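Contents: one structure, followed by commentary.
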């Protein structure tokens with residue numbers, strides 16, 4: 001678990017959260033309510049794509065959110081779909097997606113070796129291979145793979161967790177065509193972005209795919225060679241000023257000492273040719 005950067009958090013204390021279409025997140029209401037309670041320790045996915053430790057202070061069933069207090073004492077409303085509680089004792093044999101014990105020979109319950117949650121093979125995205133729960137298996141669910149592999153500056157590129165993440169990314173945990181976007185295609189009502197399906201802010205270190213137009217977190221993207229800068233898509237001057245204002249929390253900067261110095265030190269990162277090429281050819 002990494003500490004959140006203060007500059008990436010909204011200024012308001014408890015931002016309003018949009019309602020989520022339950023069909024997209026595959027978590028029935030009765031099952032989700034049973035998993036959340038006041039005082040519960042949870043992992044909550046933030047808009048940067050990373051998971052952070054927090055404690056639930058209030059459960060709002062009408063808005064399908066929880067008020068979560070994080071380790072830095074900040075409090076924010078987090079959608080149910082972006083909260084991951086530990087396995088509840090006595091519930092390990094229930095699928096954490098459909099809340100059912102019913103199994104068939106082709107759709108058994110399998111257990112994540114890290115969080116201990118149970119999943120039906122067909123409820124997990126992507127579906128779990130038939131031999132996963134055999135002796136010696138160390139299968140990890142999608143949430144745990146992303147929790148381990150995502151990093152600031154870009155997800156792991158090598159190792160077993162990186163390979164597992166590549167497999168998870170072959171399918172999305174939501175229906176892309178069902179998302180309801182604003183006119184500029186910057187935000188959607190369901191707050192589902194990236195490969196992880198978590199929340200996001202398009203101008204906070206996210207990349208937009210030029211084909212499907214979805215936004216992807218820097219932390220979940222494995223093809224980047226250098227960290228992204230905070231900024232917009234207008235031009236270099238806007239990008240530099242926006243990035244400096246976010247990082248330094250200032251409104252004014254000395255042109256030669258601060259602006260030009262930053263441009264000279266980060267000139268290669270400001271050249272978008274290579275990033276654009278990767279977006280077109282690797283689909284991020």
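Think of each number as a place in line: the chain as shown, counted from 1.
In case you wondered, yes, glycine gets a Cβ from its N, Cα and C as well.
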Checklist entry - In TrEMBL, which of 1-21, 22-42 is tagged region 'Disordered'? => result 1-21
Checklist entry - Could you give the number of helix, strand and coil residues in the domain 'PHD-type' (92-147) as assigned by DSSP? => result 6 helix, 9 strand, 41 coil
